[in-house]
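Reading through the structure tokens given below for one structure.
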Amino acid sequence: MEEAIDDHVKLPQKRFYRQRAHSNPIADHSFDYPLLPELSNWNELYPNIGNRQVVFADIGCGYGGFLVTLGETFPDKLAIGMEIRVKVSDYVMDRIKALRQRHKGKYENIACIRTNAMKYLPNYFRKHQLEKLFFLYPDPHFKKAKHKWRIINPTLLSEYAYVLRPGGKIYTVTDVRELHEWMCKHIEEHPCFKRLPDTEAQEDILAPKLLDSSEEGQKVTRMSGEKFMAIFTRL
């Protein structure tokens, strides 16, 4: 039976939500965030799901292309997109709302919040709660003085190890070779993570989707740019 689609509901247009490519993660933005993971009100974000835990987190989810793909690929898993830019996060929230209205019963398992994951990740997730963490096309922060702002660094990796369950995975994708090498070096040096061989990484069901389902990935494809992917297991 064909899926019923409500064509009267229109998807938001990105041109009305444009914002600069990156945001300063150290700036004193104003965010509402739970003091403890137990105080996270997931029912507001997933009103038709019931009492289930978020297990996938897309950090810096951008315009939500990969987040939507996650929802389609794993309909029984809850995924959250975390985005620091206000207009971009507004777009993703409006996009998910429209998708839910257009496709009754679908996309109930994805949501987006505006937050600074570099500061507040442990406020949202319990120890070993997550199965997968995604870092797709993060800000490269090219200047050496700003490398400490990169989303992959030794301090934050310990937080990622805390919220990821043993056997969980970190996924990274970038079109910047130097950043790819930086991320791989720091994750491999952390005692809680081990990189999957490229042959195993290519067999992951998400491998092709990681490269092309996000808006940034599609932009890199249009520009004929290189893409570098790596997957790491939580030991």
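Quick reminder: no glycine exception, Cβ is built from N, Cα and C everywhere.
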Item to check | Residue in Gly60, Gly71, Gly167, Gly168 which Swiss-Prot records at the S-adenosyl-L-methionine site where Glu83, Ile84, Asn116, Ala117, Leu136, Ser214, Glu215, Glu216 also bind | outcome: Gly60
Item to check | Number of Cβ atoms other than its own within 10 Å, given for Ala117 (S-adenosyl-L-methionine binding site) | outcome: 23
Checklist entry - What residues, ordered by sequence, lie under 8 A Cβ-to-Cβ from Gly60 (S-adenosyl-L-methionine binding site) and sit at least six positions away in the same chain? => result Met82, Glu83, Ile84, Ala117, Phe135, Leu136, Tyr137, Pro138, Asp139, Ile151
